[in-house]
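Working notes, structure below.
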Amino acid sequence: MAQAPKSNKKVVRVESAKTSSSGSSSTPAEATWKPTAEAKKKAMTFRIIAFALWILAIAGEAFTIFYVLRQVPVKTWLLIVLIVVIGLLAIGGSLLWKNANKLDPASRKDTVRFFVQNQLGLIMTIIAFLPMIVLVFTNKNMDGKQKALAGTIGIIVALVAGYFGYSQNAPSVEQYTAETGIVQAITGEDLVYWTTSGKVYHLCQAASDVNMESKDNTIHSGTSQDARDNGKERLTLQLDSELKECGYVDYVLPENWKAVIRGEDPFVAEDWPRGALIVNDPTETTP
């Protein structure tokens, strides 16, 4: 391995949670990533709770439409409280659903399922808010000030809930397969490094990003799946510069390497040869 830069940081190996069937260093680089039964069970639990919260949100919307908005006069405070509660329920469901998708993501090959599974939080938010907001603005039992206040709050809460429901750069089977495959192909094992505050994980301990000053003064190491389990979104997109820091100075990345990391292009093992590690000799002197 490349000589790590001088750093006072301690390196801690994370214990694998066994959330994927391709999370070991002995797995072939080209193997398709699959979640373990434990991960699928946990994802299913999250999804059941998420659906329960969304059903409660829609039930709250129905109560608002068929009871609160039919009162004369409409109780503005009750309407606002219900809007906020519906928003919180929608957000809670979306966050759980996103966590489930990280454990058991869809494949990009199934375009419809990939879209629906990753944007279901946004879809449910629209269902829980759009009819209610329309009926608030068209309600005959409310005056202009009531409509403006309740409608504006409804739109704001809906936008916030929609933000949490929308999945940008959603995880996929292809992304997880590529990330693990790339690391194994270059280094020969599925071992990566990250920090508590970082959003991505890195190829080696010598990477400059993991050696930057941090509160806990710790570099964590483990498999690609361990990094994802600890909240890291993906492999770094600064791989081109990081290869040099890790000692793979002559490594040539394929042209579509960023798309492969994102899971947009398939991982082809032949495009990612084993890296030739150049170890710096600390005793070597410059003439």
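Any Cβ shown, glycine's included, is placed from N, Cα and C.
TrEMBL entries are annotated by machine, without manual review.
Taken from TrEMBL, the feature compositional bias 'Low complexity' covers 17-32. The region 'Disordered' feature in TrEMBL is assigned to 1-33. Under the heading transmembrane segment, TrEMBL lists 48-69, 76-97, 117-137, 149-166.
Long-range neighbours of the transmembrane segment (48-69) within the same chain, counting only residues 6 or more positions beyond its ends whose Cβ lies under 8 Å from a Cβ of the stretch, are 75, 78-79, 82-83, 85-86, 89-90, 92-94, 96-97, 100, 121, 124, 127-129, 131-132, 135-136, 139, 141-142. Remote same-chain residues near the transmembrane segment (117-137) are listed as 50, 54, 57-58, 60-61, 64-65, 69, 79, 83, 86-87, 89-90, 93-94, 97-98, 101, 106, 147, 150-151, 154-155, 157-158, 161-162, 164-167, 170 (criterion: CB distance under 8 Å, separation of at least six residues from the stretch ends).
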